[in-house]
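Visitor: Among the features that Swiss-Prot reports, domain 'Glutamine amidotransferase type-1' is placed at 9-207. Residues annotated as active site, nucleophile in Swiss-Prot: Cys86. The annotation active site is assigned in Swiss-Prot to His181, Glu183 on the grounds of sequence analysis. Positions annotated as domain 'GMPS ATP-PPase' by Swiss-Prot: 208-400. For Ser235, Gly236, Gly237, Val238, Asp239, Ser240, Ser241, the entry in Swiss-Prot reads ATP binding site, with the evidence type sequence analysis.
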Amino acid sequence: MTENIHKHRILILDFGSQYTQLVARRVRELGVYCELWAWDVTEAQIRDFNPSGIILSGGPESTTEENSPRAPQYVFEAGVPVFGVCYGMQTMAMQLGGHVEASNEREFGYAQVEVVNDSALVRGIEDALTADGKPLLDVWMSHGDKVTAIPSDFVTVASTESCPFAIMANEEKRFYGVQFHPEVTHTRQGMRMLERFVRDICQCEALWTPAKIIDDAVARIREQVGDDKVILGLSGGVDSSVTAMLLHRAIGKNLTCVFVDNGLLRLNEAEQVLDMFGDHFGLNIVHVPAEARFLSALAGENDPEAKRKIIGRVFVEVFDEEALKLEDVKWLAQGTIYPDVIESAASATGKAHVIKSHHNVGGLPKEMKMGLVEPLKELFKDEVRKIGLELGLPYDMLYRHPFPGPGLGVRVLGEVKKEYCDLLRRADAIFIEELRKADLYDKVSQAFTVFLPVRSVGVMGDGRKYDWVVSLRAVETIDFMTAHWAHLPYDFLGRVSNRIINEVNGISRVVYDISGKPPATIEWE
């Protein structure tokens with residue numbers, strides 16, 4: 001019998017902050033399970049979830065507006081600790097009898113708050129001391145409205161010159177509100193405050209660890225599928241690879257992995273996937289060479305969204321054909337992770353906009369003939385990687401830069417042709433190899449090469465050549481929501497450019513993309 005790793009759990013109500021998933025990841029890093037739900041949950045749903053504590057997230061709305069989101073009243077009647085962050089603090093103050101006003105000046109950026117009263121939330125936590133010995137905390141503010149009067153049964157714990165109620169608390173009811181964001185690294189002691197709330201005030205044990213998550217997942221897979229056979233589309237990406245390893249540990253030879261080689265992968269990637277999972281780890285793998293089929297379906301298509309849909313559709317067709325060849329397969333496994341689940345829920349409720357269609361969930365037929373196994377659907381990407389390490393997958397593979405589901409299909413601009421993919425593969429491999437050699441690979445968040453379908457004049461020896469152009473792209477980002485272009489050294493870029501032009505026959509010019517996000521996206525398509 002495996003330990004119940006969901007026994008202690010935190011409920012995070014999402015009021016729309018860009019940092020809400022970060023709050024959840026921080027709680028998980030503390031070894032405690034949590035879930036992220038939209039703010040408008042019912043009392044019955046909260047009772048059913050039975051949380052050890054509740055966190056109210058930040059959000060972009062103004063609590064002073066008539067129809068702005070509110071926490072369900074039951075949150076304050078459930079008898080568990082509640083932690084309001086930014087907007088979450090404002091709605092808590094307002095709903096419990098305090099007052100919030102729209103501020104003339106928006107407070108955004110670093111601030112130093114002075115702790116004026118003792119509280120379980122910040123006791124013994126400080127960045128510096130005032131002249132008279134009061135603790136100071138360096139925090140990150142991002143708010144327009146501010147609390148101007150706290151509820152009568154609360155005390156002021158900390159304040160700044162412009163924000164009289166930076167932290168408020170009702171110690172008896174274990175209700176706490178902070179006007180800053182403890183989940184971002186700019187709030188230096190933020191993790192300690194979250195730990196104080198989750199571990200001490202809510203009394204949650206650290207049961208959510210990679211080894212225990214694996215034991216739990218294996219037990220749940222065995223319970224769900226029994227002795228049935230399972231099929232998985234293995235791409236070599238992080239999610240499908242960790243899914244494969246978990247299933248292999250749980251059901252061994254009853255798992256069949258289908259590896260569809262679509263001709264849109266990185267250099268030697270197909271061979272590496274087959275070597276590692278087939279030869280090294282001993283998984284059942286069906287290798288389907290399908291390059292010609294994908295390229296034929298993509299012929300003549302220039303639109304990025306249409307290309308994504310075609311690649312998704314052909315993958316499903318090929319995968320379905322292979323599944324039909326296997327006898328008695330009852331289950332389809334997928335590497336769906338928790339952000340996919342959150343994103344799909346947001347799309348269903350109309351609370352988010354689709355910028356690009358999501359490859360993992362986009363095209364699968366609604367009429368599923370098989371049951372669905374999704375062992376990673378409670379996990380964030382960083383948790384999936386830690387589990388992969390625990391299962392024996394190599395670090396370099398798990399911490400590789402992100403690669404889009406449609407692969408080179410969206411890194412070749414416009415129409416996708418075999419010639420373009422072959423050139424791009426080799427150019428990209430040189431760029432990545434040089435980044436690793438210069439110890440720059442782990443210093444950038446993502447780096448890749450893009451094929452531009454334009455020809456440019458070049459000089460080789462005594463002759464002129466009229467060949468293709470590629471662009472190098474490297475970015476630095478924390479969350480991939482915004483990104484800066486990476487300031488790679490000029491001599492490094494020169495070395496990469498020389499190697500590509502000299503070693504990849506067919507490329508005459510290399511450029512470097514210096515666009516940030518926004519306004520540009522990280523991928524070109």
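Numbers run from 1 along the shown chain.
Heads up, the Cβ atoms here are built off N, Cα and C, so glycines get one too.
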Visitor: Among the recorded positions Glu183, Asp239, which residue has its Cβ surrounded by the fewest other Cβ atoms within 10 Å?
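Guide: Looking at the recorded positions Glu183, Asp239, the Cβ with the fewest others within 10 Å is that of Asp239.
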Visitor: By the DSSP assignment reduced to helix, strand and coil, which category contains Glu183 (active site)?
Guide: coil
Visitor: State the three-class DSSP label for Ser241 (ATP binding site), counting H, G and I as helix, E and B as strand, and everything else as coil.
Guide: helix
Visitor: Can you name every residue in this chain, apart from Ser235, Gly236, Gly237, Val238, Asp239, Ser240, Ser241, with its Cβ inside 8 Å of the center of the Cβ atoms of the recorded ATP site?
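Guide: For the ATP site, the extra neighbours are Leu234, Val242, Thr243, Ala244, Gly335.
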Visitor: I need the CA-to-CA distance for Val238 (ATP binding site) versus Glu183 (active site), whole Å please.
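Guide: Between the alpha carbons of Val238 (ATP binding site) and Glu183 (active site) there are 25 Å.
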Visitor: Using Cα coordinates, what distance in whole Å links Asp239 (ATP binding site) and Glu183 (active site)?
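Guide: Answer for this pair: 25 Å between alpha carbons.
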Visitor: Round to a whole number and give the Cα-to-Cα distance in Å for the pair Ser235 (ATP binding site) and the residue listed as 'active site, nucleophile'.
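Guide: Rounded to the nearest whole number, the Cα-Cα distance is 41 Å.
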Visitor: Long-range neighbours only, meaning 6 or more apart in sequence with Cβ under 8 Å: which ones does Gly237 (ATP binding site) have?
Guide: Gly335, Phe403, Gly405
Visitor: Below 8 Å Cβ to Cβ and six or more residues apart, same chain only. Which residues does that give for Ser241 (ATP binding site)?
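Guide: Set apart from Ser241 (ATP binding site) by at least 6 residues yet with Cβ under 8 Å, we have Leu234, Phe277, Gly388, Leu393, Met397, Leu398.
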Visitor: Within 10 Å of the residue listed as 'active site, nucleophile' (Cα-Cα), which of the recorded positions His181, Glu183, Gly236, Ser240?
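Guide: Checking Cα-Cα distances against the residue listed as 'active site, nucleophile', the recorded positions within 10 Å turn out to be His181.
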Visitor: For Gly236 (ATP binding site) and Glu183 (active site), what Cα-Cα distance in Å is obtained after rounding to a whole number?
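Guide: Spelling it out, the Cα of Gly236 (ATP binding site) and the Cα of Glu183 (active site) are 32 Å apart.
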